[in-house]
Each structure stands twice: as C-alpha cells, then as structure tokens.
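Chemist: A single structure is presented below for examination.
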Amino acid sequence: MQPWAAPEAPAPINATVTIPGSKSETNRALVLAALADRPSVITNGLEARDTALMRDALRTLGVGIVENDDQWLVTPPERFTGGGTVHCGLAGTVMRFVPALAALADGPVRFEGDEQAEKRPMAPLLDALTDLGAASHTDGGPGLPFTVAGRPDLRGGIVTVDASTSSQYVSALLLVGARFAEGLDLRHVGGPVPSLPHIAMTVAMLRHRGVEVDDSEPGRWRVAPGVLQAHDVVVEPDLSNAAPFLAAAAVTGGMVTVRHWPPATLQPGDQIRTILQTFGAEVTWFEGDLTVRGHHFLNGVDLDLREASELTPVVAAVAALAGGSSEITGVGHIRGHETDRLAALEVELSALGCGVSSDEDGLTINPRLLGGAVFHTYADHRMAHAAAVLGLVVPGVELDDVGCTSKTMPEFVQLWTAMIAETESKIETVGDDLESLPPA
C-alpha cells in the first residue's frame, strides 16, 4: 500500500463541509429498530464499514434490512435466530451491542473480528450476560473470537458490570433491558465510567421509543420491561468526524463551516466546539451552521477528555502545533480502543519531532519544530484524522494507511481534498478580483 501524502494547506483553510451521519447514532438506531414492535425507517444513516458490519450482524440474527439510497427499512424478526457467525471488524458497537442481542437468540452465535480487535476487552460484558442467564465462552483470549448462547426467555433483574474501560458495556445491556421479563437493574462497579454522553444518548433514544429508564442514581440504570416502540429517525451528522475539519481552521488560522450542526445534541463530538475555543479559536453557530475561525496563535491547554475521549488524537495534533505545553487527561481507557491510542500518539508525534509522553491517564505534549515523516495509523481512523491535521502545516507528513478512515467516513479523503481545493479556488478568486481593480 502506497503512503498517502497529507496535503499542505496552500493558505489559511477557507471552506464549507457537509459531514455524513453519526456512527454512534446510526448503530444505536439500527439495534433499536431490530428490537422494536414493527418496521421503521432510518434516514441519513452513516454508510461506512462500521455500520455495514452492524447491518450484516443484524441480518445474521434474522433482522430484515432493505436499503434504498439514504433510507433503510428495518423489519424486526419475531425471534432472533442463532447458528450464525458475526464479523465485527474493528467496530466496538458491533462487538459489544450485538452479543447482548445474541443473548436473546434461539441458538449460539459466534463473533469474530479483525486481528487488532482481538485485544479489545470483552470480559465485563460477557460476564454480565452470563449472570443474566446466557452462556458464553472465548477461544482463550481476552475477547474475540467468542460465542454467545442465549435464550429468548431471559428473566433479567439485577446485574453488575465494570464499565471503567468502556461505556459500551452499559449501552449494550440497556438496549436489550426492556426485553427481559423483569427488566434490568444495572449497577456499575469499578472506576469512573468514560464517555458518559454515549450512555446518555442510549438512554435518550430508549425513552424516545417508550422505554422507561431511571438513571437518577449515579452508576445505576433501571429499565422497565415493556414494548420498544418503532420510531422513524433522521440521523445527525457525525460531530466527532467533523473534528479534523474544524481543527483545520484552528491550526491554519482559517475558517471552516460545518453544515447542519444540531442546536442541541448528545453526541460527545459536540465538545470540539469548546475545546477549540480553549485553544484560542472563535466558534459561532448560526441557523444550523457551525463555523470555526482560527487565529495565528494556539494556546497550550489543560483538558479532561474523559467524556469525549474519541477526540483525543485530533486534539493531540492541535496541541502539537500550539504555542505552549498541553495536558490531556481522563483518557487512559483509550489504550483499549482500535489501538493503544496513547502509545501510538506518543510514538508518532515523537517521530515528527514533538515532545510527548504518556502515562496511565493521558498525554503531556511539549510542542517543538516539527518535520515530516511517515505517520503510522495502526488501522485507526482517528489516528489518520490527526495525521491529516498535522500535514496541513507540517511539510512531508505521509499516512501509511489512509484507507482506515473507511471505518466511519469512507469519503474522508474526498472531503479533505475538496476542502483544500475550495481554499485554493478562493485564493484564485481573490487574485482575479485584485487584477480587475483599476490602477491607483
């Protein structure tokens, strides 16, 4: 595979971008549609590897999905069917959410994934499903591959889970909680739960479909048994995938507008707005458009990204270009994401010349004069986003695998190069306008 040369910004970036649908919302909407009382339609769902894997996984369990342009008709089965194999790829939502559905199936379901995914922890979820009455076993590793043998008549009730390494364990159990005869009384035991906004998104989507969820007590979620009502949904843009484009404005002193930014949202990616303001950028929202204007200096920052940890690679890239040192904390759990993101960022930023160190909780970044190098992505889309941001201002940055962005945004290269092209066209327009002025 040929490395991809990250394009340098020809001038301060000046562009408007439309971002595809949210992966987090799309895959939750698919699971909820599969659990609903009748068929429903999902519009503007993200078309990417993670969501294709989710659709295939649900089909393996007997769910009917008909795709028609930007609309998907999802028909829930009378009963989830076992006997198949689900390929999870690197999709955390597939490897965590679908086993909870498999616990309701009429036979065993095997789960496999990419080699990198086999390192991602699964024991807390599998242990919880076992406590609820399903059976599970791995092939000897910490996670994938494994098999879940459930049954449609699980009683539910009280169950504990250590979600300190992933909020997806909580979301997975909440999504199926109303199907249990006794509902679900889920109690977290362990350290702080990361990415709480993702759990809030799950709870809100359940409530919107008529499910009673009590989350009034920290670390405890109670789901009443009942029918999950079908609901047609239009998926929001993926705000975490918008982060590198908005960061482009901040690091080049330019201006980027993202269309259709929701006025209120539960997506953790929405936090990129305040994060870039902390770096010193100007952020405005008007009639559905979010605009970031960068200046010619970036502040060093001290950020706790526990609730938006997926933004860490892009934020680290911005911090590497800042005028002072930065601390990123609360993200120790991302060592268990698509790759060990803290170790990967330390290695790759150091290779560009940045002073960076990682510990059990985050990163310390001391900017220095950076130079080009091959930036290894570790098959991680967020690492690729970070490298592209750096390449705007650091000559000679190459990505060893930009194709990994297909996990959540297959259009990434197209959108990124279009952003550069729009900037270039505006430079040419200004030049033409200047040439047309009469002599002084």
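A Cβ is built for glycine as well, from the same backbone N, Cα and C atoms used for every other residue.
Keep in mind that TrEMBL annotations are predicted by a computer and have not been checked by a curator.
Take a look at what TrEMBL says about it:
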type	residues	note
ACT_SITE	Glu310	active site, proton acceptor
BINDING	Lys23, Gly92, Arg120, Gln168, Arg341, Arg382, Lys407	phosphoenolpyruvate binding site
BINDING	Lys23, Ser24, Arg28, Ser166, Ser167, Gln168, Ser195, Glu310, His337	3-phosphoshikimate binding site
DOMAIN	8-414	domain 'Enolpyruvate transferase'
Chemist: According to DSSP, does Gln168 (phosphoenolpyruvate binding site) fall in a helix, a strand, or coil?
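Modeler: Reduced to three states, the DSSP call for Gln168 (phosphoenolpyruvate binding site) is helix.
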Chemist: Fewest other Cβ atoms within 10 Å: which of the binding-site residues Lys23, Arg120, Arg341 wins that one? Let me know.
Modeler: Arg120
Chemist: Please give me the recorded positions out of Arg28, Ser167, Ser195, Glu310, His337 that lie within 10 Å of Arg120 (phosphoenolpyruvate binding site), comparing Cα atoms only.
Modeler: His337
Chemist: Give the maximum pairwise CA distance in Å, whole number, for the residues Lys23, Gly92, Arg120, Gln168, Arg341, Arg382, Lys407 listed as binding phosphoenolpyruvate.
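Modeler: Pairwise Cα check on Lys23, Gly92, Arg120, Gln168, Arg341, Arg382, Lys407 gives a maximum of 19 Å.
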Chemist: Out of Arg28, Ser167, Ser195, Glu310, His337, point to the one nearest Arg382 (phosphoenolpyruvate binding site) in space (Cα versus Cα); all of them are recorded positions in the record.
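Modeler: Its closest listed neighbour, by Cα, is Glu310.
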Chemist: What is the separation, in Å, between the Cα atoms of Gln168 (phosphoenolpyruvate binding site) and Glu310 (active site, proton acceptor)?
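Modeler: Their Cα atoms are separated by 13 Å.
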Chemist: Can you give me the Cα-Cα distance between Lys407 (phosphoenolpyruvate binding site) and Ser167 (3-phosphoshikimate binding site) in Å, rounded to a whole number?
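Modeler: Their Cα atoms are separated by 20 Å.
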Chemist: Of Lys23, Arg28, Ser195, which binding-site residues are close to Glu310 (active site, proton acceptor), meaning a Cα within 10 Å of its Cα?
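Modeler: Close binding-site residues: Ser195.
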Chemist: Among the binding-site residues Arg382, Lys407, point out the residue whose Cβ has the most other Cβ atoms within 10 Å, with all shown protein chains included in the count.
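Modeler: Per the Cβ count, the most surrounded site is Arg382.
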Chemist: Suppose we draw a 10 Å sphere around the Cβ of Arg28 (3-phosphoshikimate binding site). How many other Cβ atoms does it contain, all chains included?
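Modeler: Total other Cβ atoms inside 10 Å, all chains included: 24.
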Chemist: What is the separation, in Å, between the Cα atoms of Lys23 (phosphoenolpyruvate binding site) and Ser195 (3-phosphoshikimate binding site)?
Modeler: 15
Chemist: Around Gly92 (phosphoenolpyruvate binding site), how many other C-beta atoms are within 10 angstroms of its C-beta?
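Modeler: Around Gly92 (phosphoenolpyruvate binding site), other Cβ atoms within 10 Å: 22.
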Chemist: Using only C-alpha positions, which one of Arg28, Ser167, Ser195, His337 is spatially nearest Gly92 (phosphoenolpyruvate binding site)? These are the binding-site residues in the record.
Modeler: His337
